[in-house]
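A short write-up of the structure that comes next.
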Amino acid sequence: MQQTVQHAIESADLEQLAAIVLNGEGKQLIGQKSDQSEIQAFLDNVPAYMLLYRIYYTTLTRVSCLPHIFFQGKIRRVHLAARDGSLRDLQSALDRRKFATAKDEVSPHGATPLHVATIFGHAGIVRYLAGRFPETLSATDNDGRTPLHYAATLKDNGHFYNLLTHLGANPKVEDTLNHSAEYYLGHVQSQGILSHRQLLRDYGAKEELADEMLNDQDDLHSARRPLDDVDTLTTLERCYKIIHEPIDDLMLKSVGLPTNSVPGSASSLRVLITSYLARFLKRSVFDKVKKRQTRLDHNLFDLMWPAMKKATKEKRLDEDLNVGIVIPDYDVFVVFQEFLVPLIKDIHCMEVTQPLMPHPAMQYFPRYAINDQQPEAGASPTASNNGNILRENPDSVQLNLDTSGKYITGCVIECARNLDAFEFPLNLGIAQLEQVERMITARVLSMDFVRATGETELGTYYSMNEILENPSEIRTILATNGLLIPLLDHTDPYQTAESIAINGRYWPYGRGVYVSVDGSLVVWVNTQDHLRLLCCTGSKDSASIGAAYSKVGRAMNYLDEWIQFKHSYFLGYLLSRPSFLGTGLKFTLTLVLPHLCKEKENLRHLCVVRGLQLFTDGDGDGPTVRMCNMRSLAQVEWQLFQDFSSAITNVVALEKELSMSNSLHIAATLITLSCPIALGDPLIKGLTEVANKRPADPVTYLANYLFNFANQKTKTGNKELDNDSNNNNLIEGSVRQSSERELESSSNQTVVRESATQVPAPVHPMEVNVRDESQPSPDEPDMISAPSDDRDEHGQSMLHFACARSHGRNALIQLIEESGTNITYRDELYRTARDVALQATQPDNAKEIDRYIIGLVAKGDLEALNSMLLEGYDHIMDVVAPDGTTIEQVASARGHQDIVRFLEGIRTFEAALKIGDNLERTPLHYAMGVSNVEALSRILIKNGAKRVLKDLKGRQPSYYFMNKADILRLQEEEKE
């Protein structure tokens, strides 16, 4: 070393002299002389960096406080700050870039400040030095070891190792013993060579510090050390205040929030995202998780940063499917479970207080037990069950939710997955991104995958650079088909930070998309999740959701055979978007609903009770909306498909009802007033069928319908039913005409009937029934038709229609009296005609109905009032006469004391009533949809319940035994 010093002085090599100082050998230059003034000036300044002299001063006089010692050498100050974890002191002393890699004798083995910070576990110092000065990652000590070698010795679940690797450290660099950093990750094999305890001992620290700085030895997911970054903790506190700050009136008006939103109700979807998160991030929960970090160095802010963006903070909850939350790595589900688990349950429409149930195995297509021959001798006994053999149905579903193409204009189905052996793309390096890309494309670009999706030719794989270039033809094609996912422009300085937070530092490297030959199926690779498969319907058959679902199901079944995906026992397939957890499956339909969109809040409620998420485009005033399923957790794919198809079918049916209401209801009113009931009732139903079916020859269709209606009425009068099989196929009339069958739309089918005694369905294609008009059972003694009142299948009478429009004085009263319409009828949304009048801003119509009730009281018609009470009419006590007199005062003034006593007892009326609901569903209908169906149905039938009694939709109780969705939906509404 002395020769090196002399040679550097004589040759006037300032660079070499500076290197000597930075390598911790500056004491060799103290006292040296040079004839050159520039070199001598440098030698005179060496003590300013290396000379040790102490200044003692005491600022605290308390007994418990010791005086602080400050070293004035700048390099040493950097090393001491790195050891003590003082980022502020390190930043003030680090006024030259070379000091970041400078060595000092206070740190043994020729360690740099980053080595020191790693040994003593100061994450803030490590992030600052490695992020601000990348050269520190490759700096080595006297043994050729980088800071990553030191990090590998820490028993922190690889926290620092992952952190340095993510910041750019090379795990392949070898030390003088030819060991890479990866070698020291195996603490058992490297214990005798290099260990954390040994390093602490060399620095004069207690060996026990290795265990003291890391808590919870059994924890395998967190960093095992609390977050110590002051700036990050301050940021989290600010986020908490933003989430819990009150919303001013101006903001309420701008987003249209109701002031009385109830958590879990339909109106709760109208709250801001920040207000929604406040329900789950209470102060007790926040204090518990705010200092936690995962082993991949992600804290609470890395989960909720999307909700903190200015554009997101002003969003309503129903505008963001993932409620402003992103999952940065798999470990956050465990580390932040107090916050995430209740949130995930609520996102997926599950009861927050109930425990999570195990997620079922993947099942895109159902399995049925069908009658078959007994297995041959020697066959496995598990292959059969009482003569029934389990067989998987054909993997082809034929279902079109809108054959007219008038209401549904597009359908996209997405399914996402992540590979089990790799972290999210956000956390992967270049080599890992390439490996994931190769594994997925090897399966996608194969003829086996092509055959599984029902195609004949291989598609094309495009790199992400080809997608992002401007202009890009393939990007235009994907956008046209609705298969283009949101992409950030990493070259835009305003989007760079967000792009790195979502996609990582290496975007767009290692990414791409596979596009099938017909362009209807794509597979995105390493875009937030490892695999995102999207499939759309064709432009000519935009509502054919069955074909798209079948293609996705077959593709995922094939990929699942060859690729191991990341799966959790309770959360199913783990994904970076919380709304996709479980099955990873989302159905998205684009609908045109001009009539339902006139009342967006009612439409939103319709969607919520059916498990649908509603999205409006632009300002939300247009007729075009998008709907997708909210739930994807704790249910199999086939059940999700059934529920979604049923819900969409119902919404489309309501839109059809509203679209023809202007003409049909007026015609029904005129027919009912001018025709006998025997003619008016079937004529109204026939016109309704014509409006729904829209046949090519409506006159012939109506004539056939009336003819069948008459035949049905004749046959239902017989006391004994013929046991012939033809009679078991009656639905609304006698055997249907062949022309009528052709008019039956597949949009009226949603669920396959599962029965061990039915004839097996043909193998290809598989029919999916949307509406199961349950057939009468052969063992039933009676044939009872659906109620023949003047309501349609959605529960609306002509009075509902009339109340939505203005009329002359006494017009409604005349309609009620002449037609005999029941004012207590409730439609599918539980609205009486009076409720419809108020919602349609027709208060005069509501007052007209109240006047009718006042008339009943004045006449003393106690029987009519009692019937209204028994049928659930809840507006009797709200009635006020035009002069302001209450209904009780009117009864008292007319001397009807029995009515006065009746009115006084209404509020405490608790009698058990045996009546149908708003859609004429009896208690037996409800009993068929609950878990203890055997006990309840036995009691009800024993006491006289009819098993063949139909509701307004023509459904017998047995229908709800096979299709429990409607009853479960009612249970959810009751909980709200």
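Even glycines carry a Cβ here, placed using N, Cα and C.
Note that TrEMBL annotation is computational and uncurated.
According to TrEMBL, the protein has these features:
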COMPBIAS  724-734  compositional bias 'Low complexity'
COMPBIAS  748-758  compositional bias 'Polar residues'
DOMAIN    258-349  domain 'Phosphagen kinase N-terminal'
DOMAIN    407-658  domain 'Phosphagen kinase C-terminal'
REGION    717-794  region 'Disordered'
REPEAT    109-129  repeat 'ANK'
REPEAT    143-176  repeat 'ANK'
REPEAT    794-828  repeat 'ANK'
REPEAT    919-952  repeat 'ANK'
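Residues 109, 112, 114-115, 118-119, 121, 123, 126-127, 130-131, 134, 136-137, 182-185, 187, 190, 194-196, 199, 210, 214, 219-225, 293-297, 427, 429 of the same chain lie 6 or more positions beyond the ends of the repeat 'ANK' (143-176) yet place their CB under 8 Å from a CB of it. Sequence-distant contacts of the repeat 'ANK' (109-129) (same chain, six or more residues past either end, CB-CB distance under 8 Å): 23-24, 78-79, 81-83, 85, 87, 90-91, 99-103, 136-137, 139, 141-143, 145, 147, 150-151, 154, 156, 159-160, 163-164, 167, 196, 199-200, 202-203, 205, 209, 213-214, 223, 225, 227-230, 293, 297. Taken as a whole, the domain 'Phosphagen kinase C-terminal' (407-658) shows an average pLDDT of 92 in this prediction.
As a summary of secondary structure, the repeat 'ANK' (794-828) carries 15 helix, 0 strand, 20 coil according to DSSP.
Each residue of the repeat 'ANK' (109-129) gets a DSSP state, and the totals for helix, strand and coil are 16 helix, 0 strand, 5 coil.
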